């Protein structure tokens, strides 16, 4: 069957009904049935009917407020008759005539009233044996009932329908009868995040989950619908999962094309099943014991035995409540006093305490059983043997506490109760055996009170209390102002909880004082108690008595007497033996449950920040030890963390990739470095060198050193070549006696005076004799140098390399093809492409990643948490032996010790000296805190990337979500886009990860069933409630000390608590590429790594035809200001002419610059200003506006701010970029040096050639 209902409606029954009319309304005649094809709907009649209904409702409201008139008095009696006659019709009419709720109940709010009004027709109760177990809902054209709800629908028409069951959706579905279609509700698949309505108030919808405050829903609500503000059904409730302060709902809901079922982890079905208990092989509802009016007050011992027989049944607590309150079948309101009712069936006890405050052993009435410190806010829950909030009769008394004094229960003032560690603790709550208190750090814990005789009774145990801080600051006093962080605390409520303690029938208490010796006989003084005695003198001196009894011819040493009482329970303490080996027990709720709350923590003083060049200096002023950490946002995070407890100064290196630091509980701060420097890229050579030295010191030193070396080598080579040429010219004349050196050669080779005229004489001779030769001789060298310089300059201009480092846009090509592109996987970095299509005006496409989520596929191996050691009361077999039996408990240990001789406060527990045995047991279980504080061990597999991408083209500007896998297609404005797969298959998660609260750790944990004591995974289970618990804690039982009833044992401390102290930094603080690690589900957000290929199909309708677009001419560009390596730090003015105003796409066709604008509004003969970002000091890039193109040339200056809180919108440079001015100076230097070298080469070649001809 299709589980998507059809939206078919004939009217809405949940609209405001017509108000009651106090006057008689005549019956309207039944209209004649007309075939719908022949009868058109009369719109005017419908409008008139609506108007009449509105006027009637308004008139009724006025009549209600009017004083009683004659007409109203006349109609009062007929009204009563009419109501009496209307009490019989169908169930639907009964529902309309329901009496108003009792005044005691809380008035429902607006949401509840709205839902009740809608639910009045569209939901029906499902009943089993007369009890409501859930609901069925009419949605669209179908009736839907949760499959797990047992029973039949309380409507004869719906009950006889044939339902089809779907185990996948946990639904049973059938077609609604035609006559009931008007009662159905609409449904919708539209679910924007926000608040919705249901029977119990508001439902919050966020991140695909419906949640409610814990306690707002309960078993029996299965099948209830959730409505939006228009009264449409958005989901049907199936159950819930308790997550602390809120409960996540398990629902069936609809998407656009299908039905989905959302089932949070730990979901429980909310069907109100009927709980059954047993009594003498007879079943009965647990809430209604068959022995009415019997209850605990009338038959205490029989009632306790009945409870022990049903202790493991689901309805045990209903049976316990019914037995203790002795209520009749009508349900009473619960109160705080009723929470204490169960304690009337229990009693305090005396237990062994190793240190009763004075360093000596005693049997203390306030013995400390357990100290629980699971609350992260430092609160302790202490269990003692006394009972607080009760008087000695067992009734609730907030100012009293009761304790055991011998065989009797006494009471004292609660105000005398004290708890100490290194100083007095602050007690916040008490109930029964439990105390909740805040204590200062210490190495022991002591509880004490003053008894009825003003004597101090105490017990002291060794316990190290050193609570871990909440957050990142170790504060002592809770601040007035701060920030709220999630934490756990013991909720100060005495209401029943999921936690429980075991109770058992107490043993017989030996008391030697009951025996007295009189004239060779032993007298047993009962004193109104039941005494079990055993005397070895004579025969048949064994039994019980409630009256005084005398044993003739006997001695006290031959008798053993003990008080027996089985009409009360006592806590199953390892310091008190149990009555029998079968360990019959009961259970009692534990107050003050651990719950998720928020704790106010301080905010560290903001540090003094000084920004420097590629570094930031923080001056930290901690008021208490405060955590300071930082990491790089690049591929190698280099995490650093420390606790600072005094004034400190820290210098953090900041790179262009960015860093993130966090001080205390302040939010993390991200900073990026900019390419700031001294000097100017367009100044004199020393300013240019200073500029590049600030950016690239090593490269600048290398370049300047290389250039200087080349210049020196060039000059040296020039001088060497000229000297060689001179030597070759003069050598022949030097070897020939009387030879005369020619004038020209003498001038070129600087011949000696003896062989040639001086330069002045030669030049004077040429001036007198031949002036033409004089000018040719003087200008020859200058002409050669000028010619050489021109040649070198032309050569350099032709071969001038483009800037080594251009703006790469993180690997994205500026010119995208029509159907493919590659965008950077960097949040906030815009990718732009210019798309041209014949007959259409060019269009700019902009793609920008808004958010990215990398979610691994996880397989939960197990959960681990803190364990608790369960030590049942030991069983002591007097004058006999006992045997251990195997039990299905984790890490179960059992041993029998012979030859024990235990004592209790009243004397020896056993009559025999050496034939006694003690059976000691212990096993491991999950601590009660595991529901709130546990770690999950996962195996992580292939991660899938889901990205939120903003797509802009033409008039479309839309954000969409897509899976980056190369298959998932999204439609935006009629265009189809397919993203992925991503270029880099990278994930910050290892194969094994551990999730603890909101932190994720890469950790190699042991597999299931292989845990080691004291290490992570010493206890393991699939869920926090599953029965497959594995434990390995090195639990070993020890022999009890002589004369003491106790169960000593040794055990390795919790591996989970050890792991919490040694776990180190989480992946949240050291993930590379700036990833933000989140949980629920586990994912890495906004990782700046890799590129995303995009395939797209853009229809022609997205383009503007050429004839419709403005024709732009005379386009020119003038850069007003330019700051390179800054986020859109340059401004350019485009001047143009156009034939008509309109919108034009503007785009940069070069990778050197990225424009901020995608489209501009053009006007006739106007100008437009655009912003661009460039990493080059001398960018030159082509810009197009519609079909016109021009070139923008700029001379950019370096940025002024060293550090900024945002990343640049361009790629950082890897190789130094040469400015135009720097290239000009290089050309000039190269021309000069090259000219000198070329002259030297020419001279040397000529001289060599002439010499070789001789």
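The backbone N, Cα and C atoms fix where each Cβ goes, glycine too.
Feature annotation from Swiss-Prot assigns region 'Disordered' to 60-112.
Per Swiss-Prot, the feature compositional bias 'Basic residues' maps to 84-110.
Residues or ranges marked as topological domain 'Extracellular' in Swiss-Prot: 270-694 (among others).
Residues or ranges marked as N-linked glycosylation site by Swiss-Prot on the basis of sequence analysis: 281 (among others). Counting Cβ atoms from all protein chains shown, residue 281 (N-linked glycosylation site) has 5 others lying within 10 Å of its own Cβ. In the three-state DSSP scheme, residue 281 (N-linked glycosylation site) falls into the coil class.
For 328 (among others), the entry in Swiss-Prot reads N-linked glycosylation site.
DSSP gives residue 534 (N-linked glycosylation site) a strand state. As annotated by Swiss-Prot, N-linked glycosylation site applies to 534 (among others), with the evidence given as similarity to another entry.
Counting every protein chain shown, the Cβ of residue 596 (N-linked glycosylation site) has 18 other Cβ atoms within 10 Å. What Swiss-Prot records for 596 (among others) is N-linked glycosylation site.
Annotated topological domain 'Cytoplasmic' per Swiss-Prot: 716-756, in sequence order.
In this view, residue 719 (S-palmitoyl cysteine) is surrounded by 12 other Cβ atoms within 10 Å of its Cβ, with every protein chain counted. Residues or ranges marked as S-palmitoyl cysteine in Swiss-Prot (evidence: sequence analysis): 719 (among others).
The S-palmitoyl cysteine annotation in Swiss-Prot covers 729 (among others), and the record cites similarity to another entry as its basis. Mapped onto three states, the DSSP output places residue 729 (S-palmitoyl cysteine) in helix. For residue 729 (S-palmitoyl cysteine), other Cβ atoms within 10 Å of its Cβ number 22.
What Swiss-Prot records for 750 (among others) is S-palmitoyl cysteine, and it gives similarity to another entry as the kind of evidence.
Each residue in the topological domain 'Extracellular' (757-771) has a pLDDT score, and their mean in this model is 67. Here Swiss-Prot flags 757-771 (among others) as topological domain 'Extracellular', drawing on sequence analysis.
Annotation source Swiss-Prot lists topological domain 'Extracellular' at 815-1231 (among others), citing sequence analysis.
Per Swiss-Prot, N-linked glycosylation site is recorded for 957 (among others). In the three-state DSSP scheme, residue 957 (N-linked glycosylation site) is classed as strand.
Residues or ranges marked as S-palmitoyl cysteine by Swiss-Prot on the basis of similarity to another entry: 1249 (among others). Just so you know, the Cβ of residue 1249 (S-palmitoyl cysteine) picks up 9 other Cβ atoms within 10 Å once every protein chain is counted. In three-state terms derived from DSSP, residue 1249 (S-palmitoyl cysteine) belongs to a helical segment.
Long-range Cβ contacts of residue 534 (N-linked glycosylation site) within its own chain (separation 6+, distance under 8 Å): 541, 542, 559, 560, 561, 911. In space, 729 is the closest of the recorded positions 281, 596, 729, 957 to residue 1249 (S-palmitoyl cysteine), judged by Cα positions. Taking the Cα of residue 281 (N-linked glycosylation site) as the reference point, the closest of the recorded positions 596, 719, 729, 957 is 596. The Cβ of residue 957 (N-linked glycosylation site) lies under 8 Å from the Cβ of 950, 951, each on the same chain and at least six residues away in sequence. Residue 719 (S-palmitoyl cysteine) falls within a helical segment according to DSSP. Each residue contributes its Cα atom, and for residue 729 (S-palmitoyl cysteine) and residue 596 (N-linked glycosylation site) those atoms are 102 Å apart.
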